[in-house]
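J.: First the structure, then my questions, so here it is.
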Amino acid sequence: MSVDLSNEDIQPAYDSIIRGSQNNWLLLKYATRDKLYLCGLGVGGVIELRNNLDPEDVFFGFVREDDTKGRRSHYALVTFVPEVVSGVRRARALVHSRAVGSLFKAHEATVQFSSISQVTSENVRRKLNLENLPHDTSGTNVAEQAISKRYTEDTLPTPTSAERATPISPISPTGRPPIQQSQQRAESPPQQMAPSRMQTPPPKSPRRGSSDRPSSATVPDAPPPTPPKPTSPRLKTRPGLPPITTQPTPIAPQLQNHPEVRAPARRVTSESQAPRFPTERMMSPNVVVTPRSISSSANLRSPPPEPTDDDPGVQRRRREFLRSFTRQVELENLKAEEEAAQIARIERERRQKEELMAEQLKKEQEEAERKQRRAEKARREQERREAEERERIEMEKMKAEERQRRLLAARRAEERRTIVRRKSEIAQLQEQERRALKLEAQRAFMTQIKKQFIPSPGTTGVILDGYVTMQVYESGVWKRRYFELTPASIRFYKSETDRGGPLSEVLMKDVGSLKEWNEGYEELETIAHSFALCFKDDRRPWLFFADTAANKVSR
């Protein structure tokens, strides 16, 4: 839940405020969900900052306030979270305000607002404890104002016509007439103070604005009031009963200043003891008290005698008052406890709400992170599938191209094979024709040979002779021999000159036939002028070739 404060305009604006320049406020706003930027900077203070707020958006501000004497500057962090924003944004703003506060380290207090009407300089100064600093009072003494206000708030109920003649006791620093002083006066003997012994208080020094104040602010030289006549502790009883001495009823400390309890101490015994009061009377050297209903021209009369402390009605009223006051105190205490419990409950609910909001925000953030991870995973999966699809398409394209190349190569090879086959067929045809011609020639030659080999009746000499290379099938070696063909046999000699005895002889009656290489003797195909001599029995044929074709028929 971190916030991005890397905007380049934020830090210079903050430095310009804390260094004492004319700028005294800045304002931050959300650019995105977790990024802030500087949206305002000025010299008009809180008022100008307020004019730049949007009642439906979240803002963070930093403002400078000076004391009345301008001796020191004070800084406050302002958080504006309107009520209309959701709980998630509120919790996020609460977390992000801490990050903003850690950046603006000069702030002395944090002020949170939920409405634009709350954004005032007085609230900011109150948060900075600047409202109690000395300021111009236009000539009025601060202590006098405070005591006069307290006297007005804590004064007795509106006196009756009889009570208006009662002298007013000097107020204590707490703003209430002290009961102990009244009791001391009641116990002391009455003294008639002469006007000549009255010490006139020193005149007040003129203050600023004193000429504009009414004349009642001056202290008249009036004598102090005569203390009331003491009341005897011994009360009158019925005839025939002994006198009863009573002790004053103890008064609780919290009730000593109550008007119902103070009432018995304010008594005047005679008209001579009731002085005439001026319009204003100095109660202390610094405090002026103006009675409500006392006129300088009024004729003061003695009040009627008040009931004594032992009067059953007084005691009953006092007990009733104490009971009612005790009940009131108990009710106030109960109410205070209920208010404290309610405040604690509200605070507990607020903390629980903040915890729930923070937990909800955390869950939403975790859910957003999970969604982001799922989206990232889906994106990577989609990219992987797209890459595989592209690779598959490339492979298919390459395979198609390879098939095209193979088909083209096969077609070309087939064309070449067709050409070669045609050439081969042509060559075969030519070879067949050549072989046919050769075979025909050989057949004609063999026919001629056979005709020559057939001996004529009565022939006994050599029919044909010459050199021939022969291979007896069993030996596998070619040997050159000189032969003589006679009607009865074929004799083979080592040479024409060495004809002492034949090396081998084949009888004509054992000769089966003469065959060419294409009649089952392919090994003789490459040998020119070759032929095979086959026998009638189981002997293997003999192979021959002559030097020239003419040697086969010439001697």
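Placement of Cβ uses the backbone N, Cα and C atoms for every residue, glycine included.
As listed in TrEMBL for this protein:
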{"type": "COMPBIAS", "residues": "179-199", "note": "compositional bias 'Polar residues'"}
{"type": "COMPBIAS", "residues": "221-231", "note": "compositional bias 'Pro residues'"}
{"type": "COMPBIAS", "residues": "243-256", "note": "compositional bias 'Low complexity'"}
{"type": "COMPBIAS", "residues": "357-370", "note": "compositional bias 'Basic and acidic residues'"}
{"type": "COMPBIAS", "residues": "378-391", "note": "compositional bias 'Basic and acidic residues'"}
{"type": "DOMAIN", "residues": "2-129", "note": "domain 'ADF-H'"}
{"type": "DOMAIN", "residues": "461-555", "note": "domain 'PH'"}
{"type": "REGION", "residues": "150-321", "note": "region 'Disordered'"}
{"type": "REGION", "residues": "357-391", "note": "region 'Disordered'"}
J.: Quick test of the contact rule: Cβ under 8 Å, at least six residues beyond the ends. What residues does that give for the region 'Disordered' (357-391)?
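T.: That would be 1, 87-88, 90-92, 95.
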J.: Averaged over the domain 'ADF-H' (2-129), what pLDDT does the predicted model reach?
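T.: Averaged over the domain 'ADF-H' (2-129), per-residue pLDDT gives 91.
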J.: By DSSP, what is the split of the domain 'ADF-H' (2-129) into helix, strand and coil residues?
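T.: Helix, strand and coil residues of the domain 'ADF-H' (2-129) number 43 helix, 38 strand, 47 coil.
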